[in-house]
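Student: According to TrEMBL, the feature active site, nucleophile maps to Cys357. As annotated by TrEMBL, S-adenosyl-L-methionine binding site applies to Cys234, Ala235, Ala236, Pro237, Gly238, Asn239, Lys240, Asp258, Asp285, Asp305. The compositional bias 'Basic residues' annotation in TrEMBL covers 454-464. The region 'Disordered' annotation in TrEMBL covers 434-464.
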Amino acid sequence: MALYSAAAAVLEGLERGDGGIKALVYNSRFPHVRQLYALVSETLRYSPVLEKLLAGAALLQAEKKLPPQLAKVLVYDLLFGKGLKCGGRWKVLARRHRARLEAELARLKVQQKVSCNEDLLAPVQAVSPDASQVPRYVRVNTLKTCVDDVIDFFKRQGYSYLGKAASVEELRGLSGKKFLLDLHLPELLVFPPQTDFHDNLLYTSGHIILQDKASCLPAFLLSPAAGSHVIDACAAPGNKTSHLAAILQNKGQIFAFDVDTKRLATMNTMLMRAGVTGFQLAQQDFLTVDPGDPKYSKVTYILLDPSCSGSGMVNRGPREEAAPSAKRLWALAAFQRKVLSHCLSFPALRRLVYSTCSLHREENEDVVQAVLQEWSSAFRLVNAFPSWPCRGLAAFPGAESCLRASPAATLTHGFFVAVLERCGEEAAASSSLPVAAGEDPQHGEGTAAEVALKKRKRKKQRVK
């Protein structure tokens, strides 16, 4: 039964936009990953058929305690797989409805004028070119090691290190066993697409984190100072949380929230493996957290990556590629506005990063615009990372301060990031925002050294 529960959890993660199939399967910590991956993939392949069978047999109406994703997995193995391999009440339940499900399957075949199960499936679509061109990004976990040591490790494994990338085109040209240091993020290594490190010692020991480049932007741009108190409002599966801990150097406090018990348990395992300390996990809807609680009186940074449509994920399953309905987008955007506004009500908050893995303006620029109108006297949008090539859509004045990412422009998953700061925090921002690729991302005045030189010159002029 553990197999079916794990498969259902992966399907739920896909529906929430937590990541692609492979990442969710490996992060599940299920001991037999190939078996789990195969079951999830086949269930997704048959998903349209399974939904028709569940509806026709009225299974979910008859068994109200049966979760929909678990129902799909059980019915897939019962009718299309190798037969149910579980025991207990779920096996009894599935077999109780077997006759109705088989009758519904036969009716569906007659209706579609086919004789075998495979013929019920729609023609297989070609693999998205976006998925095949996104490199494998490897974030060095500086809580356990350093970039130079990881580079040396890979060189000993037969990889050729080509130095720091000078352009996105260099990343696009990677092949074989060659790798680069990313041109934007200082602790990110870049390998050719489809390079698999899930069995690599550095990954299993927590020395490296397999995390898309765009997903690294939120923590990098939040850039909390060591010793700070930080909230990760929608934290699981935990890659961004571990990134925050690395930036904090394990000095300070991270409060991480998620409503799902299993996701939090998986996240706790991952954070421990990564050497993260000074964190508190809470199984709690973040909207129920009281900003006035003294426990959070020192929280000055918040990272908010809420549930979204996941439309920017290029390696998701076939059922997840369809565009969300207008009703679902409206519901997601309403939730996102509500939780973003809630974040801004924390009294000591200085900086917040809002991000989604969505391509839709409704979940991105429109959410930021609506909440900024509500909080215009207290918070402003920061023009962070000016050299980033992909900017926000022109939905409102200043929206170009937001960042977007895409397979075509940045060789990443589709992503959106906005940095908000409390008004009057300009001085703090200029001194504490991260420096990427030698640039001052807050002001765009040149390299960090050039900015410092300009400041010294201006100071001398004032003295004269």
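For all residues, glycine too, the Cβ spot is worked out from N, Cα and C.
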Student: Give the distance between the Cα atoms of Lys240 (S-adenosyl-L-methionine binding site) and Cys357 (active site, nucleophile), rounded to the nearest whole Å.
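Tutor: That comes out at 13 Å between the alpha carbons.
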Student: Indicate the candidate from Cys234, Ala236, Cys357 with the smallest number of other Cβ atoms within 10 Å of its Cβ, considering only these recorded positions.
Tutor: Cys234
Student: At the Cα level, what's the spacing in Å between Asp285 (S-adenosyl-L-methionine binding site) and Cys357 (active site, nucleophile), rounded?
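Tutor: Pair distance, Cα basis, whole Å: 20 Å.
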Student: Taking each of the binding-site residues Gly238, Lys240, Asp285 in turn and counting other Cβ atoms within 10 Å of its Cβ, which one has the fewest?
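Tutor: Asp285, out of the binding-site residues Gly238, Lys240, Asp285, has the fewest neighbouring Cβ atoms within 10 Å.
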Student: What whole-number value in Å do you get for the largest C-alpha pair distance within Cys234, Ala235, Ala236, Pro237, Gly238, Asn239, Lys240, Asp258, Asp285, Asp305, the residues recorded as binding S-adenosyl-L-methionine?
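Tutor: Of all Cα pairs among the recorded S-adenosyl-L-methionine binders, the widest measures 19 Å.
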Student: In whole Å, how far does the CA atom of Ala236 (S-adenosyl-L-methionine binding site) lie from that of Cys357 (active site, nucleophile)?
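Tutor: Spelling it out, the Cα of Ala236 (S-adenosyl-L-methionine binding site) and the Cα of Cys357 (active site, nucleophile) are 14 Å apart.
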Student: Between Cys234 (S-adenosyl-L-methionine binding site) and Cys357 (active site, nucleophile), how far is it from one CA atom to the other, in Å?
Tutor: 13
Student: Take the C-alpha atoms of Cys357 (active site, nucleophile) and Gly238 (S-adenosyl-L-methionine binding site) and report the distance between them in angstrom, rounded.
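Tutor: Pair distance, Cα basis, whole Å: 15 Å.
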